[in-house]
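S.K.: Before I ask anything, here is the structure I am working with.
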């Protein structure tokens, strides 16, 4: 199961994901976002279960969540994470919009006030009620390399084994390497002080990633 799989990631991979800004590859993989995306069903709160790639400022961050709500012309994004050392909760608010005019696929563009860059947010798989697998990749302007990041989002901090098994199957179907994901702390011990805050630094990671690359 994914719970055991993520916990079995080697120490070297864990250290690598913390010290590197994100997963580097030679060119972005040819991936496809879902083509029948229902934005209304996707709204609400999501908990970051695990991520592939990491931003430097995320070190020590726990209880990562993201909350989405529909507004008049876009999607409001409220993100937060709790600093495991200072116990402070950091939040930010941005917005997302469809990357295409059809508004039928899971390709979104994410914007934040303090970032001049736009991050891509591709939903590769979701059942809306339990899980979502999100992916982002951008080619570096100064080389042939690209930077890839991905998140596993769940609707609750403690999801069932059935949901986790479904996620693992979807990762295999998407040809995403389970061992490159590191689990995000979401236990009640660490997250009790963050329950009153809506959101996580999920989309901030995208915005900061693009800021570093431009």
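Keep in mind that glycine also has a Cβ here, set from the backbone N, Cα and C atoms.
Features from Swiss-Prot:
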type: SIGNAL; residues: 1-21; note: signal peptide
type: CARBOHYD; residues: 38; note: N-linked glycosylation site
type: CARBOHYD; residues: 74; note: N-linked glycosylation site
type: CARBOHYD; residues: 84; note: N-linked glycosylation site
type: CARBOHYD; residues: 90; note: N-linked glycosylation site
type: CARBOHYD; residues: 130; note: N-linked glycosylation site
type: CARBOHYD; residues: 158; note: N-linked glycosylation site
type: CARBOHYD; residues: 161; note: N-linked glycosylation site
type: LIPID; residues: 192; note: GPI-anchor amidated alanine
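Mind running through what each feature is packed against?
M.R.: Annotation note: residue 38 (N-linked glycosylation site) sits in a coil segment as assigned by DSSP. The Cβ of residue 38 (N-linked glycosylation site) has 12 other Cβ atoms within 10 Å, all protein chains considered.
Counted within 10 Å of its Cβ, the other Cβ atoms near residue 74 (N-linked glycosylation site) come to 15, all protein chains included. According to its DSSP assignment, residue 74 (N-linked glycosylation site) is coil.
The Cβ of residue 84 (N-linked glycosylation site) lies under 8 Å from the Cβ of 60, 61, 62, 185, 190, each of which sits 6+ residues away along the same chain. According to DSSP, residue 84 (N-linked glycosylation site) sits in a coil region rather than a helix or strand.
The Cβ of residue 90 (N-linked glycosylation site) has 17 other Cβ atoms within 10 Å, all protein chains considered.
Residues near residue 130 (N-linked glycosylation site) in space but far in sequence (CB under 8 A, at least 6 apart, same chain), listed by position: 154, 155, 159, 163, 166. Look at residue 130 (N-linked glycosylation site): DSSP puts it in coil.
Under the DSSP three-state reduction, residue 158 (N-linked glycosylation site) is assigned to coil, being neither helix nor strand. Sequence-distant contacts (6 or more apart, same chain, Cβ under 8 Å) of residue 158 (N-linked glycosylation site) comprise 186.
In this chain, none of the residues that are 6 or more apart from residue 192 (GPI-anchor amidated alanine) has a CB less than 8 Å from its CB.
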S.K.: Write down the Cα-Cα distance for residue 161 (N-linked glycosylation site) and residue 90 (N-linked glycosylation site), rounded and given in Å.
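M.R.: Spelling it out, the Cα of residue 90 (N-linked glycosylation site) and the Cα of residue 161 (N-linked glycosylation site) are 30 Å apart.
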S.K.: I'd like the number of other C-beta atoms within 10 A of the C-beta of residue 161 (N-linked glycosylation site), please.
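M.R.: Excluding its own Cβ, the number within 10 Å is 10.
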